[in-house]
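*Asks:* Take a look at this one; I'll ask things after.
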């Protein structure tokens, strides 16, 4: 059965490109995992799949089994809770990027082929037990979105009672991502209208790149405008989940540049040429993410979404 084992499906949408949908998707997935939830990421940005890169698994390959494709594991579950935190859930992901022969290959497909690929992603991937499947989408309301909505409304249900009685996943709703600027919010309003027309509940709005987090002290400075996402959410009657400043640490994390902090700041120490290479942090991605400034914000987003979805209070 398609999507067998998946409980809840959450779309991550934006009408504007470059607002950080993929980074928001990954951070939501990591935060949900740290709340003890088993999470999957489905990347349907077919012409620009970025999930393999930002999880550091560009060279991973998909395994074909009699049950379908097995998604790539980002990290396994961890049943040993620490400091009173819930046990860590597993995180798996699926992307066209894992199926390309070369990471630099261009995907030049017309609508019917894109539609067929999305249908295959939704029917032929063996996710296993998954509490939340996050779907990272391309910008706009293109062929991918239409195919996704049509297929999900067939395979899943937005009504939790119907989903439970029929043994289907619940299409819990969509998280809308924007930046504060009017040029972004105007396009995201169209995405909200797409949700209304397809009857997909809007779970909330995240205002990404709202300010800049100082990597030294953590203070947030509003270098550009802020608040546009909140105003838009209030006007549309959608829950405003919060703002996310630019986080240099998260950028270093997904670029694979995070190193173990050193206590040595002496000016008269060895020269740069003489200094040994700084030790690389080999902890799993999810554990390194907890050191990022943005983690605390996404932890709250994850808790809000869990409460909202599992209590059945998503707004239509």
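The backbone N, Cα and C atoms fix where each Cβ goes, glycine too.
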*Asks:* For the feature region 'Disordered' as recorded in Swiss-Prot, pick the matching range from 260-285, 286-311.
*Replies:* 260-285
*Asks:* List nothing but the one residue from 19, 214, 217 whose Cβ has the fewest other Cβ atoms within 10 Å; the candidates are the binding-site residues.
*Replies:* 217
*Asks:* Return the residue, from the listed binding-site residues 15, 17, with the maximum count of other C-beta atoms within 10 angstroms of its C-beta.
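*Replies:* Top count of Cβ atoms within 10 Å goes to 15.
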*Asks:* Rounded to the nearest angstrom, how far is the Cα of residue 214 ([4Fe-4S] cluster binding site) from the Cα of residue 22 (ATP binding site)?
*Replies:* 22
*Asks:* Enumerate the residues of the same chain, 15, 16, 17, 18, 19, 20, 21, 22 excluded, that satisfy the criterion Cβ within 8 A of the mean position of the Cβ atoms of the recorded ATP site; list them in sequence order.
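*Replies:* Nearby residues not in the site list: 14, 139, 177, 179, 184, 208.
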